[in-house]
Amino acid sequence: TEFFLEHYSVFCPQQLPELLQSMSSPCAPVRRVGLFGGTHGNELSGVLLVRHWQQDGAEIQRPGVAVKPFLTNPRAVERCTRYIDCDLNRVFDPESLGRPVVEDIPYEVRRAQEINHIFGPKGSDDAYDLIFDLHNTTSNMGGTIILENSRDDFTIQMVHYIKNALAPEPCPVLLIEHPSLKYATTRSVAKHPVVFHLDIKLHLFFLGKEFPPCTIEVFKIMEKVDYPRNKNGEIIAIIHPKLQDQDWQPLKNGDPLFLTLDGEVIPYQGNCTVYPTFINEAAYYEKNQAFVKTEKIKLTAKHLRSSLSDQSTS
């Protein structure tokens, strides 16, 4: 989930704990859950929620589930900036996590190692079962869920339940699984990482019951698209007004894409309809990204049964 800059999130913290009931299938039940806020220090929705739960955690606790609210980048939060030295949400790769701790190590790399020690180690059986990473965005994405794995039945089932509960409110799902685009995110420490980009009232839940096979529609990332630039690498065009705030809407060949400073329209050229998102995200200027192209696909999850059901039959 990403930042607070232009679009404050509106939601009810009391509804988050309904998510925190243990589910299992052939996979192990969820016993330890992390609630992350402040991965980016200027994204205040998660920061405010985590501080609230740290002061009074009664509403997020459930029998059999240990829930830990955690402020991920406290120095950046204190300065109300995205990060101090580098993006914390991009340094949970093996190289960074295994980097020797020396005096000049970037703050976020050292912090990533601390988080990996507390909630991991990443990829191990000892890692937390589930981490919710709460963000805000300056893009018009609405309440968006981001998945990292198209083969995780557990998170697909969870997203399916969330989308049905929110209906008729839209809840887009972005799948960032890609053969070459790697994110090394904060939440990837957990066995089941989930990120929420908050821009609407968001209800979250888990239930201890049977979950039949399900299918969800997601927007799978295709590629990142940069702004037009001159030979010096300077941006020479802006997002076209007809594209601005049109996250998740179809973009067809010939549709306006960019508008140069001279008033020239640069159209989209492609042989298929795509669905842009993260349009004109303020934090991505430094990442040379104007928006992300996605395609619609469907994901299917197998049947899941709850640990409560297992206990009742044992």
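Cβ from N, Cα, C; glycine included.
What TrEMBL says about a protein is an automatic prediction, not a curated fact.
According to TrEMBL, the feature Zn(2+) binding site maps to HIS40, GLU43, HIS135.
Taken from TrEMBL, the feature domain 'Succinylglutamate desuccinylase/Aspartoacylase catalytic' covers 30-195.
The annotation domain 'AstE/AspA barrel-sandwich hybrid' is assigned in TrEMBL to 215-296. When pLDDT values are averaged over the domain 'AstE/AspA barrel-sandwich hybrid' (215-296), the model yields 96.
Under DSSP, the residues of the domain 'AstE/AspA barrel-sandwich hybrid' (215-296) split into helix, strand and coil as follows: 6 helix, 33 strand, 43 coil. Of all the Cβ atoms in the protein chains shown, 29 others lie within 10 Å of the Cβ of GLU43 (Zn(2+) binding site).
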